[in-house]
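Summarising the annotation, TrEMBL assigns transmembrane segment to 12-29, 89-108, 114-132, 141-158, 164-195, 437-456, 472-489, 495-516, 528-546, 552-570, 579-597. Under the heading domain 'Glycosyltransferase RgtA/B/C/D-like', TrEMBL lists 66-224. The region 'Disordered' annotation in TrEMBL covers 271-410, 723-745. What TrEMBL records for 281-351, 361-375, 382-391, 723-736 is compositional bias 'Low complexity'. The compositional bias 'Gly residues' annotation in TrEMBL covers 394-410. As annotated by TrEMBL, domain 'Putative mannosyltransferase YkcA/B-like C-terminal' applies to 634-715.
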Amino acid sequence: MKKIRQWTVDWWLIGILILAAFLYAWNIWEAGNANDYYTAAITSMVQSWHNFWYGAFDPAGFITVDKPPVALWFMAISAKIFGVHGWSVVLPSILFGIGSVALIYNMIKPRFNAWAARLAALALTLTPIVVADSRTNNMDATLQFFLLLASWCLMKAISTRKPWLVVVSFALIGVSFNIKMLQAFMILPALLLFYWIASNQKLWRRLTTLGIAAVAMAVTTLAWPMQVDSTAATQRPYVGSSETNSEMELAFGYNGTERLLGQTTGTGAAFPGMGNNAKSKTGGTPPTGTKGKTGTAPTGTKGKTGTVPTGAKAKKGTAPTGTKGKFGTPPTGATGKTGNPPGGKSTKGTSGQPGTGNTQGGTPPTGTKKQQATVKTKKATGGKMPANFKKGNFKGGPGTGGGAPGGRKGGGGGGGAFAIGTAGPLRLLQSDLGPQISWLVPAALIGFISAFAYYLDRKHKWYQTTSQQNHLLFWMGWLVPVAGFFSIASFFHPYYMIMLAPPIAALFGIGIVTMFKQFKLGFKHWQSWLLPLAIVTTTALQAWYVSLYYQWQTWLVVGAGLIGLALLFIGRTRSWRKSALGVAIAAILVAPGFWSLTPTLAGSSAAIPSAGPSLLTSGGNSGGIGSGSVDSGLLKYVEKHQGSAKYLFATSNASTAAPYIIKSGKAVMAIGGFNGTDPAITLKQFKALVKKGDMKYYLSSGRSGNSKIESWVTKVGKKVSSNKYSSQSSSSTKSPGGMGMGGGMGGGTLYELDASMVK
């Protein structure tokens with residue numbers, strides 16, 4: 001008779017999951033519109049199956065967002081059920097974040113023990129960037145879950161000897177590709193290594209299984225992008241952020257090689273962090289108000305004359321405008337291919353590439369309800385910082401288009417949208433990225449050494465590994481290539497560091513348990529010194545991170561670490577040694593735990609998510625680069641006079657269009673896509689829309705992506721006096737952090753167009 005499986009409840013895990021739910025979901029009702037860019041797409045996707053399938057940015061299906069739609073599908077389903085709200089579009093990320101915690105527990109417990117699994121789950125829960133990412137409608141929390149699910153399937157395939165689960169695992173990697181494209185393939189080396197060393201199949205069976213799995217991955221990877229690319233351009237939206245209207249080009253260009261080598265499309269590498277130039281210590285921080293030469297103004301102003309004052313060693317009244325400087329004059333009118341916009345053939349035209357206002361590439365920052373009041377009341381000085389914050393560390397200032405003040409080096413909780421540190425082997429430990437991800441890295445790395453030695457079977461040959469060692473090599477195989485990529489890459493956001501969270505958490509949890517067991521052996525054994533070494537190095541790193549923001553609290557971190565270490569030594573041979581270990585673990589989790597709590601307390605749900613004390617003073621804004629406001633008077637005016645026109649109005653970029661799409665649910669054309677530089681439509685095609693009566697208004701935001709269209713509109717269009725639509729408030733959308741394109745979403749010049757203007 002088959003034995004009935006007994007299910008037991010791990011109340012420690014339940015508690016950790018409740019903690020994760022609190023950190024990821026509490027205050028999420030303050031999310032406003034979360035990430036305007038993707039929320040606008042979700043608003044459009046719930047209106048038709050066509051928009052849903054392609055991930056269209058606007059209700060008319062003119063252009064897509066810059067990522068595949070799988071993650072957005074979950075968000076759109078949630079929005080369809082509950083309505084389009086900030087919390088409803090973020091809900092899938094919250095659930096996937098909690099699911100990731102449960103998954104990592106179930107991946108570690110079978111091969112190690114419950115305490116290793118609990119500590120890993122707790123470490124993942126308390127990783128600051130995991131909390132920040134799980135509170136947004138970006139794709140990263142969804143991607144993390146699917147990558148862990150694929151890994152779990154592979155581990156299950158090995159333990160149960162079911163090859164079909166290997167196929168499922170690799171098929172899920174293909175699904176993950178359609179969440180964030182090539183980023184999903186970063187764990188392939190770990191999967192291949194683990195299967196090869198852990199499988200007990202014969203060589204030919206192993207190769208056959210891998211071959212079938214590779215086919216499954218290819219099918220799930222290519223099915224959607226190939227369907228899009230094989231569909232006539234007139235029958236689908238333009239592929240946003242691509243140069244040739246192709247999903248495959250988007251995957252291997254903007255979302256592929258450009259992430260490593262630097263952005264070469266759209267911005268012309270106008271900002272640090274987007275090109276392949278050498279990075280300064282600020283790591284490519286966009287010009288958002290850092291002091292000195294690193295704080296060049298968006299328009300190219302040099303040195304102090306271009307520094308946005310922030311209340312941290314900055315001159316008052318210095319405007320971020322002026323003479324040419326480090327970044328020079330933004331290029332306009334660069335010739336390029338305009339691709340195949342919906343409704344027209346491919347032609348050559350002009351695609352301007354402005355370099356003002358903000359950075360692009362990836363997802364721009366947006367804000368929360370709390371930030372709305374901040375935008376209206378905060379001045380350029382960035383407000384007053386608390387007395388217990390170290391003077392001089394808060395260099396960040398308000399965003400270039402308005403918004404709450406940033407934190408250290410211009411970031412709301414971290415260092416800004418492109419504060420990625422100096423390329424090199426220690427980049428992930430530097431002050432820009434470290435406070436988001438690296439709090440437990442020393443303990444994780446030392447823990448790997450400990451666990452690998454602990455699970456060594458001396459009866460095996462030197463090249464043979466145990467089951468536990470295979471799992472350890474999997475996690476290290478995930479950590480090393482991903483860390484290596486981000487150590488040298490030129491174009492990414494700090495919140496991508498969530499890719500490193502699972503292996504760090506896993507190695508930390510496993511390592512703490514084995515280091516404690518080895519600690520009891522006696523000091524004649526070298527392994528017994530690993531636990532004290534892990535606590536000392538981890539405490540030292542954490543103290544440095546805390547010192548970037550606080551003064552005396554730094555000594556609390558040091559003191560807690562030393563107390564934990566002392567208790568371990570005193571209680572090494574006593575009955576309460578486990579309690580001493582608990583104190584030591586708590587000591588090194590307090591600081592990252594506080595950092596993880598900041599997005600929750602601030603009600604943060606930003607497009608450039610980050611965690612850190614500065615969120616508590618900036619109302620949850622993540623960099624404050626832009627303004628997500630809607631001019632309600634302008635919106636009422638164009639709605640009243642839209643008539644039978646297909647589009648409410650057109651504008652240069654998605655940052656200007658998004659809040660209006662969310663507010664009205666109507667089609668607003670972003671002629672240049674996300675950053676205003678996509679060659680999505682030609683002047684000839686735009687004129688045809690005007691002549692047909694589908695386009696009656698154009699909102700010039702002061703940031704032209706398509707210079708030919710903008711020039712033609714300003715030349716022949718009838719300027720609508722702002723007196724006809726001006727309103728008292730221009731912040732109707734609840735997301736003043738905006739999308740950060742510097743387009744001036746609450747202002748600009750409105751032009752009226754009609755068929756008589758087309759010659």
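Every residue, even glycine, has its Cβ placed from backbone N, Cα and C.
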Which numbers of helix, strand and coil residues does DSSP report for the domain 'Putative mannosyltransferase YkcA/B-like C-terminal' (634-715)? 38 helix, 10 strand, 34 coil
In the same chain, residues at least 6 away from the ends of the transmembrane segment (164-195) whose Cβ sits under 8 Å of its Cβ atoms read 67-71, 139-140, 142-143, 146-147, 149-151, 153-158, 206, 209-210, 212-214, 216-225, 250-252, 255-256, 259, 470-471, 473-475, 477-478, 481-482, 485, 496, 499
Which sequence-distant residues neighbour the transmembrane segment (12-29)? Criterion: at least 6 residues beyond either end, Cβ under 8 Å. 86-87, 90, 93-94, 97-98, 101-102, 105, 114, 117-118, 121-122, 125-126, 131, 134-135, 596-597, 599-603, 605
Ranked first among 141-158, 495-516, 528-546, 552-570 for CB pairs under 8 angstroms with the transmembrane segment (114-132): 495-516
Would you kindly list the residues that approach the transmembrane segment (579-597) from elsewhere in its chain, counting only those six or more residues past its ends and only Cβ-Cβ distances under 8 Å? 23, 119, 122-123, 125-128, 130-131, 435, 439-440, 443, 512, 516, 535, 538-539, 542, 545-546, 557, 560-561, 563-565, 567-568, 570-571, 611-613
Using a threshold of three or more Cβ pairs below 8 Å, and leaving out pairs closer than 6 in sequence, do the transmembrane segment (89-108) and the transmembrane segment (528-546) count as in contact? no
Tell me, please, if the transmembrane segment (141-158) and the transmembrane segment (495-516) are in contact, taking contact as 3+ Cβ pairs under 8 Å between residues separated by 6 or more positions? yes
Quickly jot the same-chain residues contacting the transmembrane segment (495-516) by Cβ under 8 Å, restricted to those at least six beyond its ends, or write none. 100, 104, 107-108, 112-113, 115-124, 127, 129-130, 132-133, 138, 140-141, 143-144, 147-148, 183, 186, 428, 433, 436-438, 440-441, 443-451, 454-455, 472, 475-476, 478-479, 482-483, 486, 527, 530-531, 534, 581, 585, 608-610
